[in-house]
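Written below as structure tokens is the structure these notes are about.
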């Protein structure tokens, strides 16, 4: 249990008064906004307390409209938030044209699509996908007594991506071939072949926690299965020869080994379920009755930390083709060091589908050279899918430079891109106020204490993620919370770039699965705390995390979006506490919570 060095009654009384003072002080903020020559007073802020009736401890909510409630696109010219989010170093997100991209992404029909059965997904992929999503569903609360009661519906990004990416290639067939000369027929055939083999480039951008992983997995897995089905229809011999061919068919590139492991585990789970094939179209029945299709039957491989590139060759030699390889760009470039293999990149010559996840990271200066060099080794590439939760301005510039013909880019963006889910409640805590008197760690300890006593997540281990800006801060904060505030060693860990990948995996395990029942936790923990940096702010699917704490503001709006997105995922509720002091306090921070509730876009 956490100790702050004060008796419980005294602590509760002090903190109640302190946080009430913080929230009350917000009412002194007002902002005048010029609208067509007239002045309009922004609404007064809302003030709340963080389950204080149950815990006896109040955590202040800084959701006032104040100086910065109008955040991002559409903010008034006179608002502080508009200046902060749309100019200067903090503002790094590209928002121009997003509404148009969402309109052209097929989302105008999203209200009519309520089931994956309405989307073009291969039958075995659809069933395995739904089973995998259900297996990771955070089943807490009274809504559902059993996972069988949960109906899995496609999210907006899944609808848009599947409708766009999984379209049949439109190839115009000339009607008057008989009337053409031999030369004209050859020209038409070449044009048709070029259209069939042309690389299509998709960008898929959607808010954090919206289901982007399955938005691209459903597409590439369906395409792989459709290709299998075509070989099967040719002849049994052709199909068996294809299965045993030593080739990699698709690749998923990610920036970190943690993300490689995460996507690999998702695919491994999907590949393990026995499939029942209800309501399968007649044309697929014979194909799906083959013994290898009792499960998804895909050959999956990963190259992560500790995995030698030579292992890929061994798997190809022993088991034939690899359907999906999950790795980092750096791992593929390391194939050039395989002196024992003649032409080591030849196994990638048959790759038809490539996903670049967290594309804004893999296209920044530190990764761009490796990423582009890797993709150049895929001469038969049909679909290149770039996936991201944010479109930073620099990423957009890189796309324009790499693909100057914008017609070659097929863009998919959801209406909520760069918006924070309304399921996330954002609260600000000012560490300069009494009783903290400038101590952000004491303010942090109080927030942890309040969360531990708030009565939520009944009978489950509560999990908290704390973000700091520098990796040098991680170990010091962990040590301080242990030594001064008596948090048990078993209940807290720190992860930064200096922690080896093996230890990271062990530390992350409690946060990457649904919350455990108190009685099942081997450490007898009531709370688990992870202290980290932006290393784990991107893409990590922290399942059912309800509480995130930011020790100050991140360095940019991009990092802010990703940190807030570690909670409130897949329509679940979450809370974020931002601890500020005079060094990091910005006038717009206290308005961030209400701006999120208004659906404002972060700029």
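Placed from the backbone N, Cα and C atoms, the Cβ positions cover glycine too.
If you check Swiss-Prot, you get these features:
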type: TRANSIT; residues: 1-71; note: transit peptide
type: MOTIF; residues: 151-158; note: motif 'Q motif'
type: DOMAIN; residues: 193-409; note: domain 'Helicase ATP-binding'
type: MOTIF; residues: 357-360; note: motif 'DEAD box'
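Break the motif 'Q motif' (151-158) down by DSSP state and the numbers are 3 helix, 0 strand, 5 coil.
Restricting the average to the motif 'DEAD box' (357-360) gives a pLDDT of 96. Using DSSP to sort the residues of the motif 'DEAD box' (357-360) gives these counts of helix, strand and coil: 2 helix, 0 strand, 2 coil.
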